[in-house]
């Protein structure tokens with residue numbers, strides 16, 4: 001039972017099985033995560049870029065949003081960005097908007113689970129896990145903010161690169177400058193995306209690890 005304070009009447013409000021209420025909210029948030037995640041995944045079939053074969057023919061090859069948001073290999077990152085057309089660019093932008101729907105549910109699920117396990121460990125002697133839950137609850141929020149930054153950087157890169165692709169070059173010198181501008185743009189945004197993505201995944205993994213540790217202790 002959890003006691004809350006009613007500031008208007010200055011009377012305590014008793015909520016029985018408050019931890020179960022939080023758990024049900026987490027379950028509802030996880031259902032939202034699955035639903036919006038399925039919608040997000042539906043865009044992946046349109047993630048295609050052309051690749052030349054040994055016969056000098058173009059075939060379409062699939063890539064994923066993770067390839068754009070965890071660009072460890074610079075050459076592969078550039079190959080995708082230079083290869084995608086306007087149609088694929090539009091699909092990626094739509095998937096980023098779908099990701100914006102997915103994120104609140106996903107990170108709310110993690111945050112609610114932190115709160116649920118903290119409630120479950122109230123009055124129990126295991127101080128280490130309580131300390132982790134109290135000091136680590138903000139990790140899902142960090143992951144959420146970094147995810148927003150990651151998507152913002154990706155969308156901005158695609159938009160600016162599309163403008164450079166459509167720029168008319170009348171001679172070799174203009175084409176050379178255009179290619180240089182593209183490479184500089186990709187290099188700058190690649191670093192930003194990697195930093196945001198790295199912090200996001202680190203915060204998310206730490207959050208999940210703390211939740212799993214709390215779950216394993218409860219089950220023992």
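Every residue, even glycine, has its Cβ placed from backbone N, Cα and C.
Curation plays no part in TrEMBL annotations; they are all automatic predictions.
The transmembrane segment annotation in TrEMBL covers 20-42 (among others).
The feature transmembrane segment is assigned by TrEMBL to 100-118 (among others).
Look at TrEMBL and you will find 198-219 (among others) tagged as transmembrane segment. Residues 70, 110, 113-114, 117, 120-121, 126, 129, 132-133, 136, 139-140, 142-143, 146-147, 150 of the same chain, all 6+ positions outside the transmembrane segment (198-219), place their C-beta atoms under 8 angstroms from a C-beta of that stretch.
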Against which stretches of its own chain does the transmembrane segment (100-118) lie, if we need a Cβ under 8 Å and a gap of at least six residues from its ends?
19, 22-23, 25-26, 29-30, 32-33, 35-37, 39-40, 129-130, 133-134, 136-137, 139-141, 143-144, 147-148, 151, 204, 207-208, 210-211, 214-215, 218
